[in-house]
Amino acid sequence: MVDLSVDIAGLTLKNPVMPASGTFSEELAEVFDIECLGAHVTKTITRGFRDGNPTPRVCEVGGSMLNSIGIPSKGVAAFLEKVVPFYRDYETPLVVSISGNTADEFAALCAEVSVEGVAAIEVNISCPNIEEDGKAFAIRPSSTYEVMRKLRRATRLPLWAKLTPNTGETPEVARAAEEGGADALVVANTLLAMAIDIRTRRPKLGNLMGGLSGPSLKPIALRMAYQCAKATGIPVIGCGGIATAEDVVEFLIAGATAVQVGTATFINPTAMLTIIADLERYLEREGIASVRDLIGTVIDGEQKAGVVFMEAAP
Amino acid sequence: MVDLSVDIAGLTLKNPVMPASGTFSEELAEVFDIECLGAHVTKTITRGFRDGNPTPRVCEVGGSMLNSIGIPSKGVAAFLEKVVPFYRDYETPLVVSISGNTADEFAALCAEVSVEGVAAIEVNISCPNIEEDGKAFAIRPSSTYEVMRKLRRATRLPLWAKLTPNTGETPEVARAAEEGGADALVVANTLLAMAIDIRTRRPKLGNLMGGLSGPSLKPIALRMAYQCAKATGIPVIGCGGIATAEDVVEFLIAGATAVQVGTATFINPTAMLTIIADLERYLEREGIASVRDLIGTVIDGEQKAGVVFMEAAP
Amino acid sequence: MLTQNPPMASGRPQPTVFERDLAVRANQPVNGEYMRLVVEAPPEMLARCRAGQFFHLLCPSAGTDQPYLRRPMSIYGFYPQEGTLHFLYKVAGAGTRALFHLAPGDRLNVLGPLGRGFHIAEDWQRLVLLARGVGLATLAPLALEAHRLGRHLTAICSARRPDLLMSVDYFRHLGADVITVTDAEGTSDVAHLESLLEGLIAGAGVDAFYTCGSNRLLALLQRMGKRHGIPGQIALEQQMACGLGMCHCCVRPFRKDGATVQLRVCREGPVFDMQEAMPW
Amino acid sequence: MLTQNPPMASGRPQPTVFERDLAVRANQPVNGEYMRLVVEAPPEMLARCRAGQFFHLLCPSAGTDQPYLRRPMSIYGFYPQEGTLHFLYKVAGAGTRALFHLAPGDRLNVLGPLGRGFHIAEDWQRLVLLARGVGLATLAPLALEAHRLGRHLTAICSARRPDLLMSVDYFRHLGADVITVTDAEGTSDVAHLESLLEGLIAGAGVDAFYTCGSNRLLALLQRMGKRHGIPGQIALEQQMACGLGMCHCCVRPFRKDGATVQLRVCREGPVFDMQEAMPW
Ligand SMILES: Cc1cc2nc3c(=O)[nH]c(=O)nc-3n(C[C@H](O)[C@H](O)[C@H](O)COP(=O)(O)OP(=O)(O)OC[C@H]3O[C@@H](n4cnc5c(N)ncnc54)[C@H](O)[C@@H]3O)c2cc1C
Ligand SMILES: Cc1cc2nc3c(=O)[nH]c(=O)nc-3n(C[C@H](O)[C@H](O)[C@H](O)COP(=O)(O)OP(=O)(O)OC[C@H]3O[C@@H](n4cnc5c(N)ncnc54)[C@H](O)[C@@H]3O)c2cc1C
Ligand SMILES: Cc1cc2nc3c(=O)[nH]c(=O)nc-3n(C[C@H](O)[C@H](O)[C@H](O)COP(=O)(O)O)c2cc1C
Ligand SMILES: Cc1cc2nc3c(=O)[nH]c(=O)nc-3n(C[C@H](O)[C@H](O)[C@H](O)COP(=O)(O)O)c2cc1C
Ligand code: FES
Ligand code: FES
């Protein structure tokens, strides 16, 4: 018997595999018993109603996908009334993902969703900050720190900060999130990308641009997970292109404590189920007693991440 | 007869297809007659001798690759003596790629390679600026502007600024490069990424991290090419994952004036040859008289890039 | 009600959607444009299938065609006795090109049944379906269901040319009246269809219309439905990622109580109320 | 000199390396561990092949194995009369697993010939090669070349077990003296090899050593080469991307004139001076 449980800032997960926000909902329970997951993570909600972006909202690009769903939301009231109760029937901890256009609106929502049945709040700071220049909070350390301070004051629940890959300052942003009060980091959201239909000369997404997710994102998210684990002392939850138990092991070795699976669930709705079973078998086969024994075990020869970054930048 | 020629800041290229720096050298002339290319672009050189990074320097990641070659260089003297003369036997314009650790060293090299036989200088500002925090010049608008000012003063040759995808501020960096004196933008270099061998728990690259190139980069580079074309008035040279004539057409429609082909040449050394022939056939089939008629013809419904960016960021 | 099982009152929903690797039994051309794919499906899956629902197919890779997302396909037929599930498809792009290469014995991963199928109210005795092309695939199982429930069906099948008409024998075999219209014969235009439908309404009468995603036909049936107070349903398409209702990529706008709402084709659809649907 | 054509004095180099889709003639196991792949190659390609050079193979995709970069493979044999090119490979990972599935008639895209092959100096009459495993693939064409030039060759073939020995008949057929050593028989250790080589040197004499990438054998031959003033060459491996000399990913360190220099295995190699090579 191997031990799959991990601890994220005081919250024990029975295994390190959970869905990524926006790629999971109550409907997946019609495919398999979602009690088996390490956590339940909801689609990002906003305080008020939002329609989302024009269609087409997804397209595929060479073995991965772009999306510009745009956070349609029924608003917080509908969420508290319909969604939170659904998950009360499960033991699995519920993680609620939220977002806001301004730091204050974000913080207000954070307080509102700090209700019974919610185990942690994932703050999607990869969304645009309309008070500044419309760049996502998590593009810069300063805006990351400021929004995290306000969010921290709004709740006593664990705060997971979800970072964006659309930045050149991942370690700095990670440290800013930690200093601002994040209990864990989710690394990472989608990467801004684009595709054009050359026949019609129209963008393949109704919104012109969208976020890249799936296998293409994996080596980028893995690098970020490594950087964040080195740069901070809080747990890192890896996310980006994870589709197999081997991918999970790679992220854990890089320094992640847990992982989120997104796009892979669209391709194989039972992907997380398979990953958890394969992860258990992997540990048994390798004679590893606990999944925690993998975390951060990358043999990186004591190279300083700073130096490495410099030399790697081509 | 269709017209494949394009103009990059006063330099006429017989077609818009050229190699990406570091994925091309004199040796390719042993596979096909490289006179057919739109330009010859050399591997980035530095002033002094550099050994490059530890091996392994490449690995593959799901249908794309990582590299951490690290700009080994024989230094500028050897370059001027051996490499530049080789290309004098060709009509095709020679573009020399350079890099430096500090803005002044960079500018000095820029002056040194401004010799006869060199048609343009590509400045690889995606390399680390050791005077600041080791981040690449092109991660921030301010450092981009400063290095471009110095480079501009160092030569009268056209300056092509090569940008990095490792930033959240592509439009701002593009504008800074233009204001600093760039005549064209090359978009983009590789994206910082990582892979770990789960058996050995060692990074797959000797340097821990490296740059992602190949198909996975395409939607990201295309987005950047679009952003840069919208943000500036100078020609954009698209680069990232281009492997077919359709890819070229997609970049041209997005706003690029020409393209560079990198990793695809490793997979098929004759890729550029095929692309040029296919591009010509494509234009004939579609009844398009000049490849220039494709540039920037994306139907983007007058959406403001700023707004779009905001809504797209997930 | 031909809808998917709602979450059980007791709390946690029970699995009702299946992801399975199924064996291909046949994959053959129906005419110059369409292929019929038959796969062997387990009883629990077939037991849940309803007319108008769809499956989400994980198309294999075939050469340079490497489809990534699943592709939605209507149920063309489901036969619990034979243990088979049928799809009718047109080769369009990478995914359907890859489907084309499937041979008997190959395996295909399918997810389903998904979405809400057609509704045939108790008092709808005389049904009219109007469809063209791939739409006939979606509407075909409605004929089976109508037959099972003992309702009368008139199937108006439209195509470019007579030789591209499909499912005609299938509909006749199930006791439907079949009317064929084609572009080649000049019988498929809106004016002709309108007089044809007026004839049916004036004759034995029509209780409900069923159709598939064409703006032209939708507008016609909405107009006639309003004029004569005849309800109807339409099956719509949209790009899909998850197929389950999780990702919200497959929305379309609908008129509901005066407002425009975005509904998921994979979840609230693919079959919608005809009057609520909006032209696109 | 068995090197690639240098750029022509007249200026622009002429194409000397070919990227071609070739037909597979055979792909069969040689023993439990190795496969021989035979492809049909055009005369201009075969005319440029030299012992010790390699090709860069674009391995096809096979199921979940989707190799992206090319894979380097030594020339195992090249036969201009027959029009064939031979490779000997061991299934290691995604690329070689995909090669394994090639069947006669399939096409394989190859790039080559690449790199610098073995050098046999005018006055090297008595050659000794020492190799193991896949190294025998690389060294096999040296026997052909030695035979062509009328030099005497002693081939010391090493393996884990006698049944895994390879190319023995091939070497004998080409007139070489063959000595086999195996782990199972306890004859393959360095001490035994050293005394064996000392015997050959003391006997008819040795003019040059040839070997392949094993640290242990390299150290032994470097020591013996220095002791007796016998030159030698070694074929080395390294991860490759371009295979042509463009990307500088395939470097290894060498001692040259007291300094350590990085040389490209694909370009300055894969065959290097034995004394310049450094253990790794
Ligand atoms: C509920 C539903 C039922 C359908 N039933 C059938 C059917 O029975 N027979 C049939 O032939 N076709 C049907 N379609 C359309 C079918 O899904 C598309 O033809 C198919 O996805 C095209 O994939 P491709 O890779 O061949 O084409 P590509 O154009 O290469 O597809 C690119 C992307 O666009 C999506 N896409 C393209 N066309 C459509 C479309 N019309 N609807 C939704 N997504 C699309 C694809 O799924 C894929 O993600 C149905 C669509 C829906 C939504
Ligand atoms: C000049 C040269 C000649 C060679 N000749 C032969 C030969 O004749 N027969 C034979 O069986 N093998 C030979 N090899 C080794 C062969 O290239 C590798 O076994 C093969 O690339 C493994 O690919 P894979 O996808 O099966 O394994 P993987 O381990 O999945 O390969 C992953 C990556 O590592 C690279 N790689 C793995 N092992 C090696 C290696 N030993 N050398 C270089 N790159 C490697 C692959 O090319 C690929 O890019 C030679 C290598 C070189 C450099
Ligand atoms: C369709 C879709 C919708 C998404 N919605 C959200 C969201 O609402 N909030 C969020 O933080 N991330 C969202 N994401 C990003 C994912 O949570 C995840 O970070 C990203 O997809 C990378 O993981 P993957 O490669 O495993 O999909 C979405 C991704 C997709 C594909
Ligand atoms: C092996 C390798 C070496 C590279 N060296 C350089 C370099 O020296 N200078 C540079 O500006 N870009 C360098 N690049 C980046 C390429 O020029 C190009 O920007 C990148 O690979 C994206 O294009 P691609 O996807 O077509 O390869 C290198 C890329 C690779 C793969
Ligand atoms: S396809 Fe995901 S919600 Fe409909
Ligand atoms: S493999 Fe590119 S230089 Fe050797």
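Cβ atoms here come from the backbone N, Cα and C positions, even for glycine.
Since this is a predicted model, take the numbers as computed values, not measurements.
The annotation active site, nucleophile is assigned in TrEMBL to A:Cys127. Per TrEMBL, the feature FMN binding site maps to A:Ser21, A:Lys43, A:Thr44, A:Asn124, A:Lys162, A:Gly214, A:Gly240, A:Gly241, A:Gly262, A:Thr263. Annotation comment: TrEMBL describes A:Lys43, A:Asn67, A:Ser68, A:Ile69, A:Gly70, A:Ile71, A:Asn124, A:Asn189, A:Thr190 as substrate binding site. According to TrEMBL, the domain 'Dihydroorotate dehydrogenase catalytic' annotation covers A:4-283.
Within 10 Å of A:Ser21 (FMN binding site), counting CA to CA, the recorded positions A:Lys43, A:Asn124, A:Cys127 contribute A:Lys43, A:Asn124. Of the binding-site residues A:Gly70, A:Gly240, A:Gly262, A:Gly240 has the largest number of other Cβ atoms within 10 Å of its own Cβ. Computed over the domain 'Dihydroorotate dehydrogenase catalytic' (A:4-283), the whole-number mean pLDDT of the model equals 96. Comparing CA positions across the binding-site residues A:Thr44, A:Lys162, A:Gly240, A:Gly262, the one lying closest to A:Asn124 (substrate binding site) turns out to be A:Lys162. Of all Cβ atoms in the shown protein chains, 24 besides its own fall within 10 Å of the Cβ of A:Thr44 (FMN binding site). Around the Cβ of A:Asn124 (substrate binding site), the number of neighbouring Cβ atoms within 10 Å comes to 29. Filtering A:Ser21, A:Ser68, A:Gly70, A:Cys127 by Cβ distance to ligand 3 (under 6 A) retains the following recorded positions: A:Ser21.
Of all residue pairs in A:Lys43, A:Asn67, A:Ser68, A:Ile69, A:Gly70, A:Ile71, A:Asn124, A:Asn189, A:Thr190, the annotated binders of substrate, the farthest apart have Cα atoms separated by 16 Å. Less than 8 angstroms from a Cβ of chain B: among the binding-site residues A:Thr190, A:Gly240, A:Gly262, that describes A:Thr190. Of the binding-site residues A:Lys43, A:Lys162, A:Lys162 has the largest number of other Cβ atoms within 10 Å of its own Cβ. When Cβ atoms from all protein chains are considered, those within 10 Å of A:Cys127 (active site, nucleophile) total 26, not counting its own. Spatially close to A:Ser68 (substrate binding site) yet at least six residues away along the chain are A:Asn53, A:Arg57, A:Val58, A:Leu205, A:Gly206, A:Asn207, A:Leu208, A:Met209, A:Gly210, A:Gly211, judged by Cβ distances under 8 angstroms. Of all residue pairs in the FMN-binding list (A:Ser21, A:Lys43, A:Thr44, A:Asn124, A:Lys162, A:Gly214, A:Gly240, A:Gly241, A:Gly262, A:Thr263), the one with the greatest Cα separation is 19 Å apart. Looking at A:Gly240 (FMN binding site) and A:Thr190 (substrate binding site), their Cα atoms lie 8 Å from each other. Neighbour density for A:Thr190 (substrate binding site): within 10 A of its CB lie 29 other CB atoms from the protein chains shown. Distance noted between the C-alpha atoms of A:Thr190 (substrate binding site) and the residue listed as 'active site, nucleophile' is 11 Å. A straight line from the CA of A:Gly262 (FMN binding site) to the CA of A:Lys43 (substrate binding site) spans 11 Å. In this structure the C-alpha atoms belonging to A:Thr44 (FMN binding site) and A:Gly70 (substrate binding site) are separated by 10 Å.
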